[in-house]
Amino acid sequence: MTASAVLDLVKDLIARPSVTPDDVDCQMLLAQRLERIGFQCETIARGGVTNLWARRGAGAPLTVFAGHTDVVPPGPRDKWDSDPFVPTERDGFLYGRGAADMKSSIAAFVVAAEEFVAAHPEHPGSIALLITSDEEGPAVDGTVIVCDELRQRGEQLDYCIVGEPTSTEALGDVCKNGRRGSLSGRLLVKGVQGHVAYPHLARNPVHQLAPALTELVAIEWDQGNEYFPPTTFQVSNLHAGTGATNVVPGEAVALFNFRFSTASTPDQLKARVHEVLDRHGLEYQLDWELGGEPFLTPRGSLTDALVSAIQAETGLQAELSTTGGTSDGRFIARICPQVIEFGPCNATIHKVNERIELSSLAPLKNIYRRTLENLLLAD
């Protein structure tokens, strides 16, 4: 197959305005192509979200490609140089919402699978795709429920490649072999509302909160490790008061987030926060939300297969990294021992005029195909 096979498919996907959670039949298009080469396709839908599980083969090892057909909203369309849902070739790039995140990865893997199956129709092991329309949104009815279903069935995943756009300066320079965890908190500090001229008759929760926050932001939570940077604590929102300048507020709210490494656990972080707040004598309510645990795939069969494929195709020695935000890899890592993320350059993801370099489509497809060969055909 030629590079145009990937280009044609990604154009067809971009033309479908699949803003979370609407799939707009992207997965139906993928299933039709996959069924033609022997994949058994199943739709798992819940809460307005569409998920596709497609598998070819019954033996081990099972190599999975995971991705999402949903995209973020395009934002003001008048800021785009072309319609975000009309795929447009211009100056060596393909423009459109989802071009980089992550419809090109999906198209490249589907074509890679077609080429691989055509060359090796009796290949050992199994290939599967796990595609959701709920990655950019709440992510509660997407990959996580498919993983739960696969666990209940006893399906054993061995390797998973998540097609997130991980490259930075050039295709293949960075892969993600892990991600930090995310832990958020909503802290409500209770005070006593009153007149600013009579502070002795009030209790200002902002004044009480400020020194506690100052201490929290100065803490070194851990030192990280060889795979992860140190855990970070960031305050994202502060709110107090009525808008009037002569009223002491009755309560103050702070929202904060940890991005944490495997050097700390959620329970350890929570305990240290509570210790600080209690020591400062605050009357408070603290609600926690664990967005995801950190995961890590040490060097092994999957990292070697992908890094080797990248080097063979591009000449680059890919860096293994754990930086960045969370992804659906956090759900897959619960049922799959080796998970890695790899895809095109991410400089324009979620931005106006999102784009991918046209010349990267064929190499991306070839890297995915070579990785399948390295994993499934190795002696």
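From the backbone N, Cα and C atoms, a Cβ is placed for every residue, glycine too.
Swiss-Prot lists D101, E164 as Zn(2+) 1-binding residues, and of the candidates H68, H120, H123, H195 the one it assigns to that same site is H68. Among E136, E313, E319, the residue that Swiss-Prot places alongside D101, H350 at the Zn(2+) 2 binding site is E136. If you take the C-beta of D70 (active site) and look for same-chain residues 6 or more apart in sequence within under 8 angstroms, you find S18, V19, T20, P21, D22, D23, T132, S133, D134, E135, E136, G137. The record gives H68, D101, E164 for Zn(2+) 1. Within 8 Å of the mean position of their Cβ atoms, the other Cβ atoms in that chain belong to G67, M102, S105, E135, E136, V162, G163, P165, S327, G343, I349.
Separating the Cα atoms of H350 (Zn(2+) 2 binding site) and E164 (Zn(2+) 1 binding site) is a whole-number distance of 13 Å. In this structure, E136 is the one among the recorded positions D101, E135, E136, E164 with the smallest number of other Cβ atoms inside 10 Å of its Cβ. Excluding D101, E136, H350 themselves, the residues of that chain whose CB lies within 8 A of the CB mean position for the Zn(2+) 2 site are, in sequence, V71, V72, G98, M102, I349. Long-range neighbours of H68 (Zn(2+) 1 binding site) (same chain, six or more residues apart, CB within less than 8 Å of its CB): M102, I131, T132, S133, D134, E135, E136, G142, T143, D328.
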